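A short write-up of the structure that comes next.
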Amino acid sequence: MAQAVEEWYKQMPIITRSYLTAAVVTTVGCSLEIISPYNLYLNPTLVVKQYQFWRLVTNFLYFRKMDLDFLFHMFFLARYCKLLEENSFRGKTADFLYMLLFGATVLTGIVLIGGMIPYLSVSFSKIIFLSNSLTFMMVYVWSKQNPYIHMSFLGLFTFTAAYLPWVLLGFSILVGASAWGDFLGMIAGHAYYFLAFVYPRMTDRRPLKTPSFLKALFADEPVVIARPEDVRFAHAPFDEIHQD
């Protein structure tokens, strides 16, 4: 069993493996009280006035306490991050990393701008961890890239992957969990998909070009293509995106 897990881990592409490792280490560290979540959450005031720039990154790595909800999020992170990196971004590691950086920037911008809007500032001020939103962004982009793959929800009904984000969003609402994480992830995912794939076909222009310094970091090598199968899944609530 341990050998199988080790082999599965080693076969992950570099970005997926790095992000999954950072997320697990950060969350486990907080659970063991080695790291404090108070040093990780997104706080614009501390970032600007006290130069705690690491918060712009660490808020994407913490998935709250170690429980079933955490395992669900790790499943979605490992599965869809890996599928994207090995299929849609095969041989384009730098482009995949740029997608994540773009998504993180959009999500952070939404929270910062939302915090300055009257009547919305209170709600946005509670969004201090965006890890779930970034994961949902990957799910959204994957669903747009693979719209015809058939999926099963709890064995109750089947649907095509194009509807996966909406099924997950609806399930969050159905169980009474906050859908903010899902919704923000959908916004970031749609922004990337439109600018990276739709707009270039419409205008023959590419507004999202991966910086050369990122391309220089990775040698684009062919990887084994992951073949997604029909899956049965349950969606964990995203209520931890809000903090009281």
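Cβ coordinates are placed from backbone N, Cα and C, and glycine is handled just like the others.
Database features, via Swiss-Prot:
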{"type": "TOPO_DOM", "residues": "1-21", "note": "topological domain 'Cytoplasmic'"}
{"type": "TOPO_DOM", "residues": "43-96", "note": "topological domain 'Lumenal'"}
{"type": "TOPO_DOM", "residues": "118-121", "note": "topological domain 'Cytoplasmic'"}
{"type": "TOPO_DOM", "residues": "143-152", "note": "topological domain 'Lumenal'"}
{"type": "TOPO_DOM", "residues": "174-244", "note": "topological domain 'Cytoplasmic'"}
{"type": "TRANSMEM", "residues": "22-42", "note": "transmembrane segment"}
{"type": "TRANSMEM", "residues": "97-117", "note": "transmembrane segment"}
{"type": "TRANSMEM", "residues": "122-142", "note": "transmembrane segment"}
{"type": "TRANSMEM", "residues": "153-173", "note": "transmembrane segment"}
Task: Cβ contacts under 8 Å made by the transmembrane segment (97-117) with residues that lie 6+ beyond its boundaries - done: 15, 19, 42, 44, 56-57, 60, 84, 89, 123-125, 127, 130, 133-134, 137-138, 141, 184-185, 187-189, 191-192, 196, 208, 210-211, 214, 218
Task: Cβ contacts under 8 Å made by the topological domain 'Cytoplasmic' (1-21) with residues that lie 6+ beyond its boundaries - done: 74, 77-78, 81-82, 85-86, 93, 96-97, 100, 218, 223-224
TODO: State the residues, same chain only, that lie 6 or more residues beyond the ends of the transmembrane segment (22-42) and have a CB under 8 A from a CB inside it; answer 'none' if no residue qualifies.
DONE: 55-56, 58-59, 61-66, 70, 74, 77, 108, 111, 127-131, 243
